[in-house]
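Asks: Take this structure first; my questions come after.
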């Protein structure tokens, strides 16, 4: 099992090219099941989750090709993936595949919409709370599906097809909104979504579906309208830049100090996070090329943060920002409102010398003068990168174990940081 070794104390200088967004790429890939024609996605990041989803789609009969690295390309060069679901060969998504990645459960919507039936295992993935699929199933039931759950599988049927409906989400749900957009695009009639998620990745999916022939109005707003169509066609679409990756590297620069251009990053996708990082002491400017992040020797300031749906502070940057606050001059409170059990990184940050105490859904971080390198263990995707950020500013060597979590969501992280001066290396095959 790979590990990542980091020696702290180096500032970051240079350029980091921001990859395509994982959280956009996965539902876009799943949308290929909605049509028998070819969907081409550009700027797809090279990640373990992307590769796993390709396996799952292949199981259902999707033919795909991937333009990988070519000689002379940057190691983080984007990929184009061509997906053709000419014939769906299996409406069942088995446990051994779905259990490895929760987002793969979303195949239930296009399979049901196109084939009238789907049987999908209940999901796995990061161990962050329960992440119930109830809201996704509520969407399908509202659209006319009959749902049965038995032996760990969800069996959804709509033999006469789905029909439009008014769906009011009891709380904002990204997965539920993705599900509704895909299923309602092939449903008969009009669908109205109330309290829909507004995340940029939702807008990206809606834009792609529109290119495929869907009729969607209002994506990115809390009320969305979908007029169902009889069929969807192929299309080409470029995945939007990863706002979580951009925010992560912005926090890394704020932590380590230095001057880095986040090439291709779009500020309007993460403005709340950028404002918060700036309050903590970084200097941020938007250029034609991306986002420039700087911090000189000035100390970090404590900032209270509460996670919230877009356009609020992203839950997927909570762990990274907590790592930053471990070095702030004073006390900060970080409140998690999206997921339960998303403080698993606290114990590992404490191994580096962080002072953090938990009070319900809040973490109180008392900044310390010095962090000290130590062996630590990644527990999930975002927690793992928070340990890397802390290690950049720690004295001595930190060894991050279980980095397969990092590979699920960060493309060539050690190469990108290493090019900016970090002392970081991957050690392969070590238990």
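Even glycines carry a Cβ here, placed using N, Cα and C.
Feature table excerpt (Swiss-Prot):
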- 22, 23: phosphoenolpyruvate binding site (BINDING)
- 102, 131, 132, 133, 134, 135, 316, 338: UDP-N-acetyl-alpha-D-glucosamine binding site (BINDING)
- 126: 2-(S-cysteinyl)pyruvic acid O-phosphothioketal (MOD_RES)
- 126: active site, proton donor (ACT_SITE)
Asks: Hey, which of the binding-site residues 134, 316 is the loneliest by Cβ count within 10 Å?
Replies: 134
Asks: Are there any residues at least 6 positions away along the chain from residue 135 (UDP-N-acetyl-alpha-D-glucosamine binding site) with a Cβ closer than 8 Å to its Cβ? List them or say none.
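Replies: Once residues fewer than 6 apart are set aside, residue 135 (UDP-N-acetyl-alpha-D-glucosamine binding site) is near 169, 170, 171, 173, 175, 176.
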Asks: Enumerate same-chain residues with a sequence separation of six or more from residue 22 (phosphoenolpyruvate binding site) and a Cβ-Cβ distance below 8 A; give 'none' if the list is empty.
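Replies: Listed in sequence order: 45, 47, 49, 50, 242, 244, 408, 409.
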Asks: Starting from the Cβ of residue 102 (UDP-N-acetyl-alpha-D-glucosamine binding site), draw a 10 Å sphere and report how many other Cβ atoms land inside it.
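Replies: Other Cβ atoms within 10 Å of residue 102 (UDP-N-acetyl-alpha-D-glucosamine binding site): 19.
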Asks: I'd like the Cβ neighbour count for residue 23 (phosphoenolpyruvate binding site), meaning other Cβ atoms within 10 Å of its Cβ, all protein chains included.
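Replies: If we count other Cβ atoms within 10 Å of residue 23 (phosphoenolpyruvate binding site), we arrive at 23.
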Asks: Would you mind reading off the Cα separation of residue 102 (UDP-N-acetyl-alpha-D-glucosamine binding site) from residue 23 (phosphoenolpyruvate binding site), to the nearest angstrom?
Replies: 12
Asks: Using C-alpha atoms, which one of the binding-site residues 134, 316, 338 comes nearest to residue 23 (phosphoenolpyruvate binding site)?
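Replies: Result: the closest of the binding-site residues to residue 23 (phosphoenolpyruvate binding site) is 316.
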Asks: What are the non-local neighbours of residue 133 (UDP-N-acetyl-alpha-D-glucosamine binding site), defined as same-chain residues 6+ apart in sequence with CB under 8 A from its CB?
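Replies: In sequence order, 105, 122, 123, 154, 175 meet the Cβ cut-off.
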